[in-house]
Every structure is written in C-alpha cells, then in structure tokens.
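> There's a structure below that I have some questions on.
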Amino acid sequence: MGYAYYVLNSVLDKILSSGFDVDSYEKPMINGDFALTSLKFVLIALLGFCDYTIYLAFLELGSSKDSWHPIMTGDTTTSSYWMNWRVLLCAIWVSITITFAFTLIWKYEGFRKRHSPETQQESEGGLYDDETWKPCLKGIHPAWLLSFRVLAFLVLLALLIATALTDGGSIFYYYTQWTFTSITIYFGLGSLLSMRGCYQYHKKAGGDRVDNIEVDTELGSCVSTSDSQGSKMTNPSKISGPNTQCHVREPAGFWGYVFQIIFQMNAGAVLLTDCVFWFIIVPFLLIKDYNLNFLVINMHSINAVFLLGETALNCLRFSWFRIGYFCLWTVVYVIFQWILHACVKLWWPYPFLDLSSPYAPLWYLSVALMHIPCYGIFVLIMKLKHLVLSAKFPQSYQCLR
C-alpha cells in the first residue's frame, strides 16, 4: 500500500498543482492547495485502513472457523428435485422477470438514437462524455471526484482481497460478493474515466470563451459576443466564419455507457443485498448464535456508503428503465446457482433459494418484487439530490434531469 500511496500522491500533485487554472473555468468553492492537502491526509488514512483490513484478514485466516453454511436439505442433482411444481413456478417467475427486463431495455435504451448528437439530450438513456467525470457542481474540482473514486476502489479492493484470503474462492458463491466485485469494478473504471476527464479539463483550463464565441457547456450551444445584443445560437453547426469555434458536448463512448449502466445496476443491487442481509439473514444468524466479524459487517455496509457518496458527487443521470439490467443481474446469479446445483450436490448460499421448500415460489416472488422498491428508493434519492442542489446552487448545478 505504500507504493500505491506514492503513485497516487504523484498523480494528485500533477492534477491539482501543475498548471490547473481553475479560476479560468469557474471560481472554485474549495481552494486547490487546501484540496491537495486534504486529499493527501484522507489518502493516508484510507490506505492505512486497507493495510489494517488485510492484517485482520490474516489474523482471522489463522484463528477463525469457516463461514457459516446452511444445512443441505436434499440432493440437488436428482431429477426429482427439479421435476416438480415448485421449480415450475419459480421458473415462471424468472421467465417473467427476463421478459420484463428485455422489454424495457429494447424499448427505452435507444441504441439506434445514440449515434445522433442532436437526440443525445432527448434520449431517455442518453449520456454525454463529460458526465462520466464531472462533479455535479461547477465549483467542485474534478480531482475531488477522481480522488474519491480512487480511494473507494482501493478500500473496496482491499476488503475483497481480505475476504478472499479469509474464506477462499468460495466467497464468489454469494450474491453479495458478485455485487461487491461489480461495484469495485465500477470505481476502478470510474477512476480511469476521471483521470481522462481531468486531462481534458486541464487542456480546457483556458476557459469556455474561445475567440469571439462564448460557449454554453450545459447545452452545447454558442453565444456570439461580437454582437452587442449577444445573440444566442443553439445550433453550433450553423455558425460559420474564419474565427468561429464552438465547443460541442460529445456523446459518451462504449465505456461511458457501460459505466453508467453498472452504476444504475449497482444502485439497486447494493440496496437489495444490504436489506436482505440486515433484515432477513442477520436475525436468522443471531438465532443460531453466529458472530458477525469485522469483514462481514463491512462487506454489507461500506459499499452503500461509497455508493451514496458517489451519487452525491457525480453528474450521471439515473434512468428508471435500467431496472432491467438490475433484474438481469439477479437472474444471471439465480440461473448460475441452478446450473451449479443441478451438476454438483451443494448447499444453497441463501436458504430462500432452496427449491425443496414448499415456500420456495413465495420466496422467489418476494425477492423479485423487492427489486422494485430497492431501485425506486435510489430513484427518489436522485430526485432529492436534484431538488436540493438545484435550489441551493442554481448557477452551479450542472446535472441533467
């Protein structure tokens, strides 16, 4: 971790102190030198936390017992286990979920519209390239979002490694680790996109006024300052002249859309994972006198903390129809478990996945329906963010609704 700190410290020095003229873009709410010093202190603290987490993992590796596993209720490899009304009903729930998800994605994703810059803002699932790395307020330096993503990635990766060292590769048998790995990848990809964005921000540090054209970066439109009336032209492609230049917001590329989809998928998955763990599994484990260790608690809490922090800082849009990806994510996990259990006699990672129970169809239906409030809660969080920040910082707030 010491080498990681050295590398990140060098990156922060270059980003925040080597040639960034933030005053030319927007007067920052937070001074760059103060930001640099603060980020270094936070970096040291969180890297120390990573070291401590891995240290605890080594201690538990040698002293703790294996993770709790549910009791196997039957042989999952026999045909009688699968050829019954319970499995049929559960398969119907899964099929309905798949149909629902693909219908939403096909209808609203807008793959064909995405190549047209004119329809980018109007598209339900549209995304501009700079939305992947810009903070939601103009006065916040993009390096803050970069640093948050890098630190979140390091902490989550450290927890994932520590848990793998403690319990081995079997941790990926659980939906929690699938989601935790996904959100770790999200912050890793976000760090790369933010680094690229900070580089673009550095090149753009001369300001949004180019020659005699003032650019509206929010709408991608131009305002001519040669005219005393300051006429505004909303279609940059129609502006001509030897000294006329205009900034047009570029549509996001492939990785930008992947980044946005992972963000929205993780939003629901993290809430589903943590809610099921704390409200269903933990009470059951307490009855069995199972002690929750440091790693288990952090795996089911810190992911939500980082996701909420990312939500508060970033400029990404949150489309309701992408609940389809969230549903598909869970369906892939369920089908993986079914195939695995059909081939190998194993215990189920979660008791409510066991198809031998007469209540299995009810459990599957309940978990499927839980996707709606889990995703809906995050939609409300995003609406609350827009409402509060747009009212408090009307001139600085730059997220598209």
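Using the three backbone atoms N, Cα and C, a Cβ is placed for every residue, glycine included.
No curator has checked TrEMBL annotations; they are predicted automatically.
Straight out of TrEMBL:
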TRANSMEM  34-58  transmembrane segment
TRANSMEM  85-106  transmembrane segment
TRANSMEM  143-165  transmembrane segment
TRANSMEM  171-194  transmembrane segment
TRANSMEM  267-286  transmembrane segment
TRANSMEM  292-313  transmembrane segment
TRANSMEM  325-350  transmembrane segment
TRANSMEM  362-382  transmembrane segment
> How about the transmembrane segment (325-350) with the transmembrane segment (143-165) - do they touch, taking at least 3 C-beta pairs under 8 Å (6 or more apart in sequence) as contact?
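As far as Cβ distances go (cut-off 8 Å, pairs 6 or more apart), the transmembrane segment (325-350) and the transmembrane segment (143-165) do not touch.
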> When you scan the chain for residues with a C-beta under 8 Å from the transmembrane segment (267-286), skipping those not six or more beyond its ends, what do you find?
68, 175-176, 179, 182-183, 292, 300-301, 303-304, 307, 311, 318, 323, 326, 329-330, 350-352, 367, 370-371, 374-375, 377-378
> For the transmembrane segment (85-106), give me same-chain residues lying six or more residues beyond its boundaries with a C-beta closer than 8 angstroms to one of its C-beta atoms, as numbers and ranges.
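Distant contacts of the transmembrane segment (85-106): 321-325, 327-328, 330-331, 334-335, 355-358, 360-361, 364-365, 368.
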